[in-house]
Ligand SMILES: Cc1ncc(COP(=O)(O)O)c(C=O)c1O
């Protein structure tokens, strides 16, 4: 078993996280169950923040709450002095309910509604990341109506797409997000924005991809943007206060993944930004980043109970669990890979290879293919690691399956932060049919 954060095997041979026996958690809260290792989230947050401090670079590390948004999680981000990236009225509402300081909230989205912009301004969020011309016009109108001046970043697509070990340079990026940096769109947006008295352009934002294991893509993006900022300084006398390089730092899901440490990502990127700003004779802007997965991904573990199994002779054995694509859609959505152990018998020898099937009425509802495990039967618990990012936040009620609860564990204590959905919750928005049909 790979050692994630505080995860260890106790003397009963049970998985323990945050000093709490996972078997007892499953007994108490039922399964499926999401568990978060709070100490690991704190360690990751501090890893990013302390590296900026060590380098003497002004920064904001914004937790991308799309990875896992819940009041308890947002309060934890606040405890760690993180800023917050929200991408919808719902994520903003969660942050407000959590009492998160609005001035550290950055509001994203490629199709923000007028209501969402009004809500963001009413709560005085720190910054709006403007994605397109439609939004630029609407935001200006809303800000003018309210008699306010709003800080904005312009989201650009720098023509670099990065994913894991690869990055692709594209002259013109085929993306639904942001203003293209290469075809004059970003310039046009910048000129438009600076001409509006109700908007203040703080700088530029980009996000080049996800689950990225090296820094070349980030460095290339930073270089392109800094070149552009040098042009804008020369042409318009503009000095950017902020450069936001987004999130996307990779984590280890399986042994094939070899991510860098938070400090390594930050150090390498900062060195490049410092070198390029010096080369182009620009003031060093404040650097913002937006990690989601790398703050919470490997801190999350999902616990399931194993149930039915099916042997397809000479092909494979399917072992079903009491969850699946409802609580973790990533394998079905983009073939994501995970590792897992039997949480109640971690040290038992491997006896067979099984494929872990979810309980949804969908053949594609498979969590893990070809997993080596001891022979599992009734009462066994499967712990799937690294489910902390885009697990609960993408959870759904397909087949009217209630969403599992979320428990935070730290220093031997467990705290429920999201309750299990009930059947009553599932029907609470449904209304009985009023129309009757004469027989
Ligand atoms: C704009 C933006 N920032 C940050 C993130 C967080 O990315 P990750 O969870 O890979 O760090 C995303 C993810 O989609 C994003 O779109």
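Placed from the backbone N, Cα and C atoms, the Cβ positions cover glycine too.
The feature domain 'Orn/DAP/Arg decarboxylase 2 C-terminal' is assigned by TrEMBL to 34-388.
Taken from TrEMBL, the feature domain 'Orn/DAP/Arg decarboxylase 2 N-terminal' covers 40-296.
Proximity of residue 290 (pyridoxal 5'-phosphate binding site) to non-local residues of its own chain (separation of 6 or more, Cβ distance below 8 Å) is seen for 62, 63, 64, 85, 106, 207, 244, 246, 247, given in sequence order. What TrEMBL records for 248, 290, 291, 292, 293, 390 is pyridoxal 5'-phosphate binding site.
Under the DSSP three-state reduction, residue 390 (pyridoxal 5'-phosphate binding site) is assigned to coil, being neither helix nor strand. What TrEMBL records for 293, 330, 334, 362, 390 is substrate binding site.
According to DSSP, residue 361 (active site, proton donor) is assigned to coil rather than to any helix or strand. Counted within 10 Å of its Cβ, the other Cβ atoms near residue 361 (active site, proton donor) come to 8, all protein chains included. Positions annotated as active site, proton donor by TrEMBL: 361.
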Out of 248, 291, 292, which has the highest number of nearby Cβ atoms, where nearby means within 10 Å of its Cβ, if these are the binding-site residues?
291
Pairwise C-alpha maximum, in angstrom, for the residues (293, 330, 334, 362, 390) that bind substrate according to the record:
27
Taking just the CA atoms, what is the gap between residue 293 (pyridoxal 5'-phosphate binding site) and residue 330 (substrate binding site) in Å?
13
Can you tell me which of these recorded positions sit near ligand 1, meaning the Cβ is under 6 Å from at least one of its atoms: 248, 330, 334, 361, 362, 390?
248
